[in-house]
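Undergrad: Can you keep this structure in mind? I'll have questions shortly.
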Amino acid sequence: MNPQAKLIFATSLLLGSTITISSNHWIMAWAGLELNTLAILPLISKSHHPRAIEAATKYFLVQAAASTLVLFSSMTNAWQTGQWDITQLTCPTSCVILTAAIAMKLGLAPFHFWFPEVLQGCSLTTGLVLSTAMKFPPITLLFMTSQSLNPILLTSMAILSAALGGWMGLNQTQTRKILAFSSISHLGWMAIIIIYSPKLALFNFYLYAMMTAAVFLTLNSIKTLKLSTLMTTWTKTPALSAMLMLTLLSLAGLPPLTGFLPKWLIIQELTKQEMAPVATIIALLSLLSLFFYLRLAYCATITLPPHTTNHMKQWYTNKPVNTSVSILVTMSITLLPLSPLILTIV
């Protein structure tokens, strides 16, 4: 792709996200979301492969439908209350429609079917943008309207997301699809807490974005799209493969690592809200996700490929690892001891 065109699309993405995040008026938020959608489409379809074109078409149709619902929800609310302010969403019908619209934007179950397909059709760097930056504006809209959302609806969608994200990722062999289902189950954790502690949901999103960015950039640097090639990369960059294993276990939420912090805080907050059964269910459902993270980690570091495989072992490389990968991986592994400091900031 032409560097100038890439710069225009990247700037448009930044501008669209900034407009949505900083707006108080529904029409401005909707315009920012539309700008985001139109800017990411050329980045998804830049390879001109039929699967990339299919992914871009699916993404466009789903996002257009979600944007229509956002506009319809805000218009219904304005008709009932005379308010276009985002924080003044008081009409119950508008709240339900908006929840469905944001769920479609995010890929939250039961509106999650497009996300793994779209992620599978684009490159790892575009997949990273779709999994992190593109989810930030819809999450901020949920954050701003959190006091008027329906708790039963959001809790049901959150548990369904955690269950489906874990269950459907079990038999995948493509790393991008596995990360897509990982994203769906993480969104379940954010959705379940956004009504009771919106700041905690945003904090969870920041940590999720950091860990996912570390995994995507690591996979991009070792050029791995499938589990079968992941098995042969340990000879190429042994240190990076070991760090990838730890980052994946952090995404799974295992205790000594950074990913344990948001899960611990969310379970604690749910217990305070007298929702211990819900906390137990979502904690048990995260074990499904843990299985495929362990599978990825196992393929990345511990296994030797079987002798029947057609893949050759890759040459060891002395090429230095990208600085951003090093910083993100380090933060994804070591932030748990700093949790008291982080909590005072949050």
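Quick reminder: no glycine exception, Cβ is built from N, Cα and C everywhere.
Per TrEMBL, the features are:
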DOMAIN    23-288  domain 'NADH:quinone oxidoreductase/Mrp antiporter transmembrane'
TRANSMEM  56-76  transmembrane segment
TRANSMEM  96-115  transmembrane segment
TRANSMEM  152-171  transmembrane segment
TRANSMEM  178-196  transmembrane segment
TRANSMEM  202-219  transmembrane segment
TRANSMEM  240-261  transmembrane segment
TRANSMEM  281-304  transmembrane segment
DOMAIN    290-343  domain 'NADH dehydrogenase subunit 2 C-terminal'
TRANSMEM  325-345  transmembrane segment
Undergrad: Hey, does the transmembrane segment (56-76) touch the transmembrane segment (240-261), meaning at least 3 C-beta pairs closer than 8 angstroms, sequence gap 6 or more?
TA: no
Undergrad: The transmembrane segment (152-171) and the transmembrane segment (202-219): do they have three or more Cβ pairs under 8 Å, with pairs 6 or more apart in sequence?
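TA: Judged by the Cβ rule, the two regions do not touch, with the required three close pairs absent.
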Undergrad: If you count Cβ pairs under 8 Å, which stretch among 56-76, 281-304, 325-345 touches the transmembrane segment (96-115) the most?
TA: 56-76
Undergrad: With a Cβ cut-off under 8 Å, give me the same-chain residues at least six positions beyond the ends of the transmembrane segment (56-76) that come close to it.
TA: 26-27, 29-30, 33-34, 37, 40-41, 44-45, 84, 89, 91, 93-95, 97-98, 100-102, 104-105, 111, 114, 117-118, 121, 141
Undergrad: Taking residues 6+ outside the transmembrane segment (178-196), which of them lie with a CB under 8 Å of any CB in it?
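TA: Beyond its ends, the transmembrane segment (178-196) has Cβ neighbours at 103, 106-109, 112, 115-116, 119-120, 127, 131, 135, 139, 142-143, 146-147, 149, 151, 154-155, 157-166, 168-169, 172, 204-205, 208, 212, 215-216, 251, 262-263, 266, 269-270, 273, 278, 282, 285-286, 288-289, 292-293, 296.
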